[in-house]
Amino acid sequence: EGEDLTLEEKAEICSELELQQKYVDIASNIIGDLSSLPMVGKIVGTIAAAAMTVTHVASGRLDIEQTLLGCSDLPFDQIKEILEKRFNEIDRKLESHSAALEEITKLVEKSISAVEKTRKQMNKRFDEVMKSIQDAKVSPIVSKINNFARYFDTEKERIRGLKLNDYILKLEEPNGILLHFKESRTPKDDSLQAPLFSIIQERYAVPKSIDDELAFKVLXALLYGTQTYVSVMFFLLEQYSFLANHYYEKGDLEKYDEYFNSLNNVFLDFKSSLVGTGTSNNEGLLDRVLQVLMIVKNSEFLKLGKNGVDEMLNSKINLFNKIKEEIEGKQRMTLSETPENFAQISFDKDITTPIGDWRDGREVRYAVQYASETLFSKIGHWSDPVNVRERACPTLRMPVDQTRRNVLVFRKFDNSKPQLVGEITPYLSNFIDIDRDLYNAASNPDSAVGFKEFTKLNYDGANIRATFDQGRTVFHAAAKSGNDKIMFGLTFLAKSTELNQPDKKGYTPIHVAADSGNAGIVNLLIQRGVSINSKTFHFLQTPLHLAAQRGFVTTFQRLMESPEININERDKDGFTPLHYAVRGGERILEAFMNQIDIDINAKSDKGLTPFHLAIIKNDWPVASTLLRSKKVDINAVDENNMTALHYAAILGYLEIAKQLINLKEINANIVSSPGLLSALHYAILYKHDDVASFLLRSSNVNVNLKALGGITPLHLAVIQGRKHILSLMFXIGVNIEQQTDEKYTPLHLAAMSKYPELIQIFLNQGSNFEAKTNSGATPLHLATFKGKSQAALILLNNEVNWRDTDENGQMPIHGAAMTGLLDVAQAIISLDATVLDIEDKNSDTPLNLAAQNFHIDAVKYFIDQGADINTRNKKGHAPLLAFSKKGNLDMVKYLFDKNANVYIADNDGMNFFYYAVRNGHLNIVKYAMSEKDKFEWSNIDNNRRDECPKEECAISHFAVCDAVQFDKIEIVKYFVGTLGNFGICGPLHQAARYGHLHIVKYLVEEEFLSVDGSKTDTPLCYASENGHLAVVQYLVSNGAKVNHDCDNGMTAIDKAITKNHLQVVQFLAANGVDFRRKNSRGATPFLTAVAENAFDIAEYLIREKRQDININEQNVDKDTALHLAVYYKNLQMIKLLVKYGIDVTIRNAYDKTALDIATDAKFSIIVEYLKTKSGKFRREYKSSYGEPSLLQTNKISSFIDGKNIEHDHLQFINADNESSQLFSDTVSNIDVIGTLLLVDVLIRYFSKQGYISKESDSASDGITQAAALSITEKFEDVLNSLHNESVKEQVDLAEVHGRVYAALKSGRNSRIHQILCSSLKSISTLKPEDMEELVSVIMNSQSSVSLPEVTDSANEAYGEA
């Protein structure tokens, strides 16, 4: 139950259970932490595994359940194997890339990361998708995708951890994986391209509805397959790039060219397949998949409401567009032209042989390569050989490249390894081959020969600044070879900046000298004033770090002679040179400890000291050396509060543990954080019995120490099944009834564990088998509810109480039923048959729990024993309902045969037949219809009477309605086509209502139902009201009457208008709607739009259908559209109507103009607007000479400074409960910011008076308009209270109202306070006397408007949330 699981399998189980310590960290996060390992350089797998697993386990609570499941049982061998594979991979990648491949490598690694991240997430669930696809056409296609993806992942992982030579052999196998993956883009039957294009062409991945599970599963397969396809391309690019680089480093330029060429061909081939060739008839795979995604995204059924599908589609569209853009942006991987070798070779220099590689009788050849920005060509053919005779360092004459590219020059003697010897820049034609020889001379380990050759070449003009391998110069070369004569000469020739010149990895010459142990060179460079503490680029290592890890004592001493040296300098991860010296050995450590300024307990970023590292390294001599300083803190803790003893316990280092325990200052009971685990806890957790036994016997170890959750070492010993440790604990008298915080005893844990034999051991020790946890569970409860059959039977054989109930009123029999432990259930029933029908607090019986969890054998056993087959729990769930919902026809038949009540229903009125219909189980539906002696669908069903209030409806009515509503077309076809039930539930009307176009088409085209139906409301009415444009279009195109009456004397366009479906209105308007026709309310479509506050529709009708409407028309009460807009306080609509010339003087049946109505109702903003008829308030500024301007200065007051809210509205907004006295005390120093903040408070204060109540879940547009107007009017009240006309005249209240309305309507309610604040931005600061009045209005104003809620989220705007 965990012992045989792989690391990945266990990670999957534990992460799915959503346990606090997600085990998947071990397989992924640990690997991701390699850059911060507590050692430097290559680390053996054991140390890496230990350090990383410690960090991850110690960082979270040791949860009992996860530990029992093995989620904290760390398999070191597997982790070491993973780490070793990753180290091999890193080693390969650390090989230097040729310049030609660096950019390609960056592109590939970046793209792989983006694609593989989401592909791995999909991979976890793809097996489930495969298992659930039963469709005969689709299943084989999806299987091909699955098979290929599995093969790809398996092979990729298999080669990942190979050693270098094995890796090369595997990649170069004839007809091997590279060839197979290259063919994945061909139409071959076993390729990946074939099934992907098949899915696209057959439209298998385009769902017909939100419930089209098959199509959505195929869509997941298409996306998964496409991402795999892209991954294959990048994998191939990565491998060919690696092979090319490998052979470049080996000097095999023919092989380099071969793989360099393959690299480009793979890219171009896959690019053609993925993004096409740019012609209209050759679309790439990505374009086709994006088209499918857009079709699904624009489906009508996805517009009905928010769901996760839309989010998923958007993320995939973004991903594939990004990939497409990346691929399209790269025209090719290499320059297409292979350079011709036009070099003319002449020996013009007076440099005689032998010198360097120039020896008489050897043959020398040259080859060139073009370089243009980030693109490189293949390396051209080698020139004809030239025999070396007495002369060296020839001049190469080449024609100037017309395209102004750089030319890299390579040289090869005989069959030796080629070398890059230089670069010819544009416009130059002559190249003297001398600089590489100077570099080689500086690199010569024979210092005398090297110095002689260097002197000669330097005299003849060689460039000491030329760069070669990894950007290194002769300075680096001399530093590495240790040629102090050359370096001495160079120090006089070079500038100080050149002595500090870093290579591509940041290594300066002194880094190289220190890393090579060349103390003399180090000393020379220090004397010349180089930067002693300079750092490498990635790891930020100083020369001292490098000398320390190599153990070079003399080099260390020379470095320490510099007064500038920082002995405690930290690298990228916070490690000091002393940390590195742990790897260098005892002598270098002693040298460090003799230094006065050394910080012997220095901590890395993770809190690790050198002593920690010595223990992790299992190196007691090094640890002893540190201890001799008498300054080591042996109890120092890292970031997880882990001491050196913790690490020894985790890694199982018994001898180290003994040494540590014997130290006088040791504290063996320090606990980790936040897990609170001691060294003893860890030794048991990691199953190091020898270390655990030693610690248990140690007098200074607390054997009863509690970790987080109250877990003691005894609990862990049970969880991990450590029998030897348990025996030792019993012998030393450990209390066997220890309880965790949740009151788990060791026996509880044994009952849940994978070691049931421990139960008898504890029972023999007298353990209390009736002990209860906080939830009231006994050991028997836990054994049954955790599915531990053997444990439960052992407890039952010891005559434990099987009738105990837990906090849910459940007995062990309920647990056995829930987990399907048939043998345990049989044992309990044989002891006590009265528990057969016993109910828990949810009224669930064992039978019902077994049924709800689909344990068929247990269900049949309980029924055979006489259990109530019609048992129902508090929600009405019953066995028959469970199996029908699941689609288990055999069990439905079984329950029918056992005379189950076939009409039994749950609290929602749902019986087995409805569940079968809603879940698309046609086989169960057909079976039920065939059992007429037991089930009759014509029976009246009052369980769902609220859905059929006007009459009593039969099961058939609800069943047909459900089939249509839940888009189960096969069941619809059965009910309507096979059984001929055309009239039940009005299937065409229902299909139109819910927007199921394919069902509408079926009923019209195959069953020949009339598109106008047989009811008052036509299908077109339903589709229009619910905004199903595609259905509306189909019905009209098939002859539906657009002016046919709906209920209430309305037509289809009226229905669409009432729900503000503009697109439907536009379509109907273009297809013969009678705009003069009035409904039962005497309103035309135009008046209906105004009355319903459908602004967009009203604007459309006025702008686009002006010839069909009369803007001044009146209803039965002689009201015009303007009257109606005033009634609803819709200022936005009023502005629209006035703008397009409505007659504002028309009077209604009560002799009132629109202005009269606004005046009577005291709608001041509307009154002001209608009076001007211009829709604009006065904006000209009129200064008030008689009284001081209310808002003039713009100083930042002490009030704002004191409150620290100068630019922070939110902090002030949330201070709703401050009293008016607070405002009075502070108004004397308030300014512009304060004014705006007070407006924020104003809005929140008003809103709490209930502008929008919580009486309903939605509101009409008119309600929204009213709420917006009420807010604006209160805002106006505040401005009026200021007694300053200039303030009011500068604020356009009509504009404010429109913006507030728009914010409410769009759901952006949080913007309302910003709108009102911005309206005051042009106004200066409030004066104290006026602020008093403003505060008074804010505090005393009461809302007089109580309106229904606009939306649930509208509360946010008013401070109710």
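Cβ coordinates are placed from backbone N, Cα and C, and glycine is handled just like the others.
Checking the ranges 1004-1007, 1176-1179, 1308-1311 against Swiss-Prot, the region 'Furin-like endopeptidase recognition region' annotation falls on 1176-1179. For Cys393 (disulfide bond), the same-chain residues lying six or more positions away in sequence with a CB closer than 8 A to its CB are Phe347, Lys349, Ile351, Ile355, Trp358, Ile432, Asp433, Ile434, Asp437, Leu457, Asp460.
If you count C-beta pairs under 8 angstroms between the repeat 'ANK 14' (908-937) and each of 470-501, 675-703, 842-871, 951-983, the highest count goes to 951-983. In the three-state DSSP scheme, Cys1046 (disulfide bond) is classed as coil. Across the repeat 'ANK 20' (1117-1146), DSSP assigns 16 helix, 0 strand, 14 coil.
Long-range neighbours of the repeat 'ANK 1' (470-501) within the same chain, counting only residues 6 or more positions beyond its ends whose Cβ lies under 8 Å from a Cβ of the stretch, are 96, 438-445, 447, 450-451, 454-455, 458, 464, 507-510, 512-513, 516, 518, 520-521, 524-525, 528-531, 534. Across the repeat 'ANK 1' (470-501), DSSP assigns 24 helix, 0 strand, 8 coil. When the repeat 'ANK 7' (675-703) is classified with DSSP, helix, strand and coil residues number 16 helix, 0 strand, 13 coil. Listed in sequence order, Thr1016, Asp1017, Thr1018, Cys1021, Glu1025, Ala1052, Asp1054, Lys1055 are the same-chain residues six or more apart from Cys1046 (disulfide bond) with CB atoms under 8 A from its CB. Within its own chain, the repeat 'ANK 18' (1048-1077) has Cβ neighbours under 8 Å at 1018, 1020-1021, 1023-1029, 1032-1033, 1036, 1042, 1084-1086, 1088-1089, 1092, 1094, 1096-1097, 1100-1101, 1104-1105, 1108-1109, 1261, counting only residues six or more beyond its boundaries. Sequence-distant neighbours of the repeat 'ANK 5' (606-636) (same chain, 6+ residues past either end, Cβ-Cβ under 8 Å): 36, 38-39, 47, 50-51, 55, 573-576, 578-579, 581-583, 585-586, 589-590, 593, 600, 642-645, 647-648, 651, 653, 655-656, 659-660, 663, 665-667, 670.
Panel annotation: around the repeat 'ANK 2' (505-534), residues 470, 472, 475-476, 478-480, 482, 484, 487-488, 491, 496, 499, 541-544, 546-547, 550, 552, 554-555, 557-559, 561-562, 564-566, 569 of the same chain, lying at least six beyond its termini, place a Cβ under 8 Å from a Cβ of the stretch. Residues 1-3, 64-65, 68, 70, 709-710, 714-715, 718-719, 721, 723, 726, 730, 736, 777-780, 782-783, 786, 788, 790-792, 794-795, 798, 800-801, 804 of the same chain lie 6 or more positions beyond the ends of the repeat 'ANK 9' (742-771) yet place their CB under 8 Å from a CB of it.
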